[in-house]
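Working notes, structure below.
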Amino acid sequence: MKVLLANPRGFCAGVDRAIEIVKRTIDMLGTPIYVRHEVVHNRFVVDDLKQRGAIFVEELHQVPDGATVIFSAHGVSQAVRRQAAQRGLKVFDATCPLVTKVHLDVARHCRTGRDMILIGHAGHPEVEGTMGQWDQERGTGRIYLVENIDDVAALHVAQPHHLAYTTQTTLSVDDTRNIIDALRQRFPTIQGPKNNDICYATQNRQDAVRELARECDLVLVVGSPNSSNSNRLSELAQREGVASYLIDSAAEIDPAWVIDKHHIGVTAGASAPQVLVDGVLARLYELGATSVSEHSGKPESMVFALPKALRLQLVD
């Protein structure tokens with residue numbers, strides 16, 4: 001049984017930045033430090049930060065007045081930002097810069113009075129934050145959410161000739177392309193972003209899984225069940241005709257999965273650390289793996305700057 005590692009896999013620049021923001025804030029200011037929502041969608045990462053002193057909450061009313069709060073990588077609505085300011089909270093923003101780009105795009109279309117369509121998954125925190133950039137006090141029009149082609153067919157917009165779209169950053173590239181095609185067919189004058197809003201890491205990891213699926217008869221995706229990009233990786237492998245499972249850690253591997261399997265692919269979502277992948281490889285060796293090799297893959301060199309207040313050199 002041979003194991004093939006996807007490349008790239010695991011942490012992206014936005015996740016690296018978000019985790020480092022929490023760690024540095026704790027180091028510089030001490031505890032307690034509050035984090036609104038899981039800073040990234042990975043149980044191992046969140047548990048590690050809890051042990052360091054981070055307190056995770058879902059809403060700002062759980063944060064004491066005047067305390068320090070970090071916004072997660074998924075971003076927050078304008079209403080949350082206003083509430084934080086009104087309550088005198090000290091805020092560090094771990095929103096991924098690629099999500100911020102989408103937020104700015106939505107705000108720009110709001111100011112021009114266009115209607116806006118967001119392609120995304122209802123209930124996901126990134127979608128809630130992006131929908132919340134639409135400020136009725138600063139513009140007219142409306143923002144609509146579509147999740148699939150059927151939603152596009154059923155959609156009724158107030159301004160079909162004054163319309164734009166954007167997307168959640170962690171979607172299936174293939175699904176999103178099909179939805180955009182449906183939007184353009186129904187609304188020929190719709191405006192889109194200059195560049196694809198699917199993030200580079202999402203695109204690269206999906207391309208890598210597609211390569212794995214061509215060579216493997218099983219693909220294991222390391223990632224938490226609430227991770228959008230991790231779920232998309234497992235779904236993509238299945239669409240390519242390969243059995244695939246999303247696992248939080250090596251402990252979730254069922255030995256029955258690898259029976260009669262000759263080539264097992266392993267990848268990790270953008271919020272899953274390498275230490276979890278290492279644990280999966282160790283478990284696969286216990287189950288009979290004889291070798292591990294790695295695809296050459298697409299190099300990633302993206303680095304996002306920390307907030308200015310956290311760039312100061314820490315002094316022991």
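Using the three backbone atoms N, Cα and C, a Cβ is placed for every residue, glycine included.
What Swiss-Prot records for Cys12, Cys96, Cys199 is [4Fe-4S] cluster binding site, and it gives sequence analysis as the kind of evidence. The isopentenyl diphosphate binding site feature in Swiss-Prot is assigned to His41, His74, His124, Ser227, Ser228, Asn229, Ser271; the stated evidence is sequence analysis. For His41, His74, His124, Ser227, Ser228, Asn229, Ser271, the entry in Swiss-Prot reads dimethylallyl diphosphate binding site, with the evidence type sequence analysis. The (2E)-4-hydroxy-3-methylbut-2-enyl diphosphate binding site annotation in Swiss-Prot covers His41, His74, His124, Thr169, Ser227, Ser228, Asn229, Ser271 and rests on sequence analysis. The annotation active site, proton donor is assigned in Swiss-Prot to Glu126.
Sequence features annotated in Swiss-Prot and their locations in the structure.
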{"residue": "Cys12", "record": "[4Fe-4S] cluster binding site", "Cβ neighbours (10 Å)": "28"}
{"residue": "His41", "record": "isopentenyl diphosphate binding site", "Cβ neighbours (10 Å)": "29"}
{"residue": "His74", "record": "isopentenyl diphosphate binding site", "Cβ neighbours (10 Å)": "28"}
{"residue": "Cys96", "record": "[4Fe-4S] cluster binding site", "Cβ neighbours (10 Å)": "26"}
{"residue": "His124", "record": "isopentenyl diphosphate binding site", "Cβ neighbours (10 Å)": "17"}
{"residue": "Glu126", "record": "active site, proton donor", "Cβ neighbours (10 Å)": "26"}
{"residue": "Thr169", "record": "(2E)-4-hydroxy-3-methylbut-2-enyl diphosphate binding site", "Cβ neighbours (10 Å)": "27"}
{"residue": "Cys199", "record": "[4Fe-4S] cluster binding site", "Cβ neighbours (10 Å)": "26"}
{"residue": "Ser227", "record": "isopentenyl diphosphate binding site", "Cβ neighbours (10 Å)": "25"}
{"residue": "Ser271", "record": "isopentenyl diphosphate binding site", "Cβ neighbours (10 Å)": "32"}
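When other Cβ atoms within 10 Å of the Cβ of Ser228 (isopentenyl diphosphate binding site) are tallied across all protein chains shown, the result is 24. Other than His41, His74, His124, Thr169, Ser227, Ser228, Asn229, Ser271, the residues of this chain whose Cβ falls within 8 Å of the Cβ centroid of the (2E)-4-hydroxy-3-methylbut-2-enyl diphosphate site are, in sequence order, Val40, Glu126, Thr170, Asn226, Ser230, Gly269, Ala270. Under 8 Å, Cβ to Cβ, and six or more positions away along its own chain, Asn229 (isopentenyl diphosphate binding site) finds Thr170, Ala201, Thr202, Arg205, Gly223, Gly269, Ala270, Ser271. The recorded positions close to Cys199 ([4Fe-4S] cluster binding site), defined as a CA atom within 10 A of its CA, are Thr169 out of His41, His74, Glu126, Thr169, Ser227, Ser228. Within 8 Å of the centroid of the Cβ atoms of Cys12, Cys96, Cys199, where the record puts [4Fe-4S] cluster, the same chain has further Cβ atoms from Ala13, Gly14, Val15, Ala73, Pro97, Leu98, Val99, Thr169, Thr170, Tyr200, Ala201, Thr202, Ala270.
Binding residues for (2E)-4-hydroxy-3-methylbut-2-enyl diphosphate (His41, His74, His124, Thr169, Ser227, Ser228, Asn229, Ser271) extend across at most 15 Å, taking the greatest CA-CA distance.
Here Cys12 ([4Fe-4S] cluster binding site) is positioned 16 angstrom away from Glu126 (active site, proton donor), judged by their C-alpha atoms.
Looking at Ser227 (isopentenyl diphosphate binding site) and Cys12 ([4Fe-4S] cluster binding site), their Cα atoms lie 13 Å from each other. Mapped onto three states, the DSSP output places Glu126 (active site, proton donor) in helix. Reduced to three states, the DSSP call for Asn229 (isopentenyl diphosphate binding site) is helix.
You'll find the Cα of Cys12 ([4Fe-4S] cluster binding site) roughly 14 Å from the Cα of Ser228 (isopentenyl diphosphate binding site).
Put simply, Cys96 ([4Fe-4S] cluster binding site) is 13 Å from His41 (isopentenyl diphosphate binding site) when counted between their Cα atoms.
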